[in-house]
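Trainee: Submitted below is the structure of interest, expressed as structure tokens.
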Ligand code: NAD
Ligand code: MG
């Protein structure tokens, strides 16, 4: 059997590292075509030495020169490229079979779309790309015949609980609703007063998952669940009202599908991203992910409750953007990226995050999407409004 060639976009991040962990367990099956990283050059260098990709891609020329030198000195033949064109190039090259899209935020959109347009098997972790450009993205999937496999644990769970022919339409295949589970994040039991004073460090300390900073803050504000609601609408051709968010603090049930006959099918597992990664790598086969077997007796109980909409307004803002459609989700995503960055930099408080997003959305009417440039323009304008809000504040 010939090996599957994989490009890992965002190899140095949390998902990237987990992906390489699964790949290393199956080196007879998978070969690494390219690894990309934006910072953490020492980690990228170590990954190149271990996985020997044909290409590594970094952000800037200077980084590329130093990494190239270090790799040569270590006898590694990996060629180092830099810049956004190189990211797209290693995503769409004919030699590549599968692309793990694990760059965080809007920066991941162009290379992820390049992989989709080239008809690759696309393992989608970068939810922001789909949130921004849903209609175009899904159109490109249909057009190129790309195989889109969700990595987000909830969407991977939903995918596993759906019938094989779900693309025919949820009504056609007897699906009534999707139940999207949320851990509720580190502040799920906090009162409104205490939430005002939480620090970036507290926000990044997720009770169940170990993840990058941006998604950790999104989980704490529940914007992550809002982005996931939009993501689920696109992946499963669902309307926002067909998706119900359920807080489940143990993060063992990763999501559920409710059928018209009253059956509810769930996917369970330990909270470890190597499970959805291994699932998507091998689908429709199964491979070992390195994740321990689920011990239900040790877990003992599974709890479910409704999300607190007042404490976490981001969830409702995302639902409204999903209902508005057009450029609204790109605007929401852009304003959120600016707000999260400002929070992480200590410039604003945690409860300012939804305030900035709402103020930005109120200043921009959503428009029907024309093309990618139109989305990028909406993204840029939303960032401008959000930055202006920040500037006026100080
Ligand atoms: P991370 O911050 O740990 O890693 C991000 C990666 O993207 C790094 O390799 C970084 O070098 C690269 N990157 C950052 N900015 C870049 C830029 N401007 N250009 C090119 N590369 C850039 O993030 P993560 O937690 O691994 O998350 C990655 C994506 O996966 C996010 O979209 C996140 O929402 C999604 N996701 C993550 C998890 C998780 O458990 N970590 C779960 C579900 C979905
Ligand atoms: Mg998730």
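Including glycine, each Cβ sits where the backbone N, Cα and C put it.
Any TrEMBL annotation is an automated prediction that lacks curation.
Marked as NADPH binding site by TrEMBL: 12, 13, 14, 15, 126, 128, 212. The annotation 1-deoxy-D-xylulose 5-phosphate binding site is assigned in TrEMBL to 127, 153, 154, 183, 206, 219, 224, 225, 228. What TrEMBL records for 152, 154, 228 is Mn(2+) binding site. Residues annotated as domain '1-deoxy-D-xylulose 5-phosphate reductoisomerase N-terminal' in TrEMBL: 6-134. Among the features that TrEMBL reports, domain '1-deoxy-D-xylulose 5-phosphate reductoisomerase C-terminal' is placed at 148-236. Annotation source TrEMBL lists domain 'DXP reductoisomerase C-terminal' at 268-384.
Set these features in their place in the structure for me.
Mentor: Note on residue 128 (NADPH binding site): other Cβ atoms within 10 Å of its Cβ, all shown chains, come to 28.
Counted within 10 Å of its Cβ, the other Cβ atoms near residue 154 (1-deoxy-D-xylulose 5-phosphate binding site) come to 27, all protein chains included.
Listed in sequence order, the residues of the same chain lying 6 or more apart from residue 228 (1-deoxy-D-xylulose 5-phosphate binding site) and placing their CB within less than 8 Å of its CB are 127, 152, 154, 155, 180.
When pLDDT values are averaged over the domain '1-deoxy-D-xylulose 5-phosphate reductoisomerase C-terminal' (148-236), the model yields 96.
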Trainee: Among the binding-site residues 126, 206, 224, 228, which have a Cβ atom lying under 6 Å from any atom of ligand 1?
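Mentor: Only 126 qualify.
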Trainee: Going by DSSP, is residue 212 (NADPH binding site) sitting in a helix, a strand, or coil?
Mentor: coil
Trainee: Return the residues near residue 224 (1-deoxy-D-xylulose 5-phosphate binding site), defined as same-chain residues 6+ apart in sequence whose C-beta is under 8 angstroms from its C-beta, sorted by sequence, else 'none'.
Mentor: 182, 185, 215, 218
Trainee: Between 12, 14, 126, which of the binding-site residues has the fewest other CB atoms within 10 angstroms in the structure shown?
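Mentor: Counting other Cβ atoms within 10 Å of each of the binding-site residues 12, 14, 126 gives the minimum at 14.
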Trainee: Rounded to a whole number, what is the top Cα to Cα distance in Å among the residues the record ties to 1-deoxy-D-xylulose 5-phosphate, namely 127, 153, 154, 183, 206, 219, 224, 225, 228?
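Mentor: Looking at 127, 153, 154, 183, 206, 219, 224, 225, 228 as a set, their Cα atoms extend up to 19 Å apart.
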Trainee: DSSP helix, strand and coil counts for the domain '1-deoxy-D-xylulose 5-phosphate reductoisomerase C-terminal' (148-236)?
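Mentor: Grouping H, G, I as helix and E, B as strand yields 44 helix, 11 strand, 34 coil.
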Trainee: With every protein chain in view, how many other Cβ atoms are within 10 Å of the Cβ of residue 206 (1-deoxy-D-xylulose 5-phosphate binding site)?
Mentor: 19
